[in-house]
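Structure first, commentary second.
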Amino acid sequence: MSLTDILSPSDIAAALRDCQAPDSFSPKKFFQISGMSKKSSSQLKEIFRILDNDQSGFIEEEELRYFLQRFEHGARVLTASETKNFLAAADHDGDGKIGAEEFQEMVQS
């Protein structure tokens, strides 16, 4: 399964266009424009599984840097500040990584 099986390719493209400039990425805005914030819990679990590149059950800081590239191969890498802000916004238990429940909470809030 791929992200385009769950999300509209045109919505993904619009979300990526919105954050092309360095330090312009906002997770909340990206989730809204891409349509993620309207997906069901089971769809979000599947999206999380796809984004969890190493299948560890968590999205770590290094995976977050390449978050946009999981949606489109040529997309830019998140800046260090974008990555740290993204992690801080989702990592509720402070373990330095984002679990599936934390991801779902962030997307749906």
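Heads up, the Cβ atoms here are built off N, Cα and C, so glycines get one too.
What TrEMBL records for this protein:
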type	residues	note
DOMAIN	39-74	domain 'EF-hand'
BINDING	ASP52, ASP54, SER56, PHE58, GLU63	Ca(2+) 1 binding site
DOMAIN	78-109	domain 'EF-hand'
BINDING	ASP91, ASP93, ASP95, LYS97, GLU102	Ca(2+) 2 binding site
Spatial neighbours of LYS97 (Ca(2+) 2 binding site), counting only the binding-site residues ASP52, ASP54, PHE58 and Cα distances within 10 Å:
PHE58
Sequence-remote contacts (6 or more beyond its ends) of the domain 'EF-hand' (78-109), Cβ cut-off under 8 Å?
22-23, 25, 27, 31, 36-37, 39, 41, 44-45, 48, 51, 57-61, 64-68
Provide the number of Cβ atoms within 10 Å of the Cβ of ASP93 (Ca(2+) 2 binding site), excluding the reference atom itself.
10
Provide the number of Cβ atoms within 10 Å of the Cβ of ASP95 (Ca(2+) 2 binding site), excluding the reference atom itself.
11
Extra residues within 8 Å (Cβ to Cβ centroid of ASP91, ASP93, ASP95, LYS97, GLU102), Ca(2+) 2:
PHE58, ALA90, HIS92, GLY94, GLY96, ILE98, GLY99
Listed in sequence order, residues not in ASP52, ASP54, SER56, PHE58, GLU63 with Cβ within 8 Å of the centre of the Ca(2+) 1 site Cβ atoms:
ASN53, GLN55, GLY57, ILE59, GLU60, LYS97
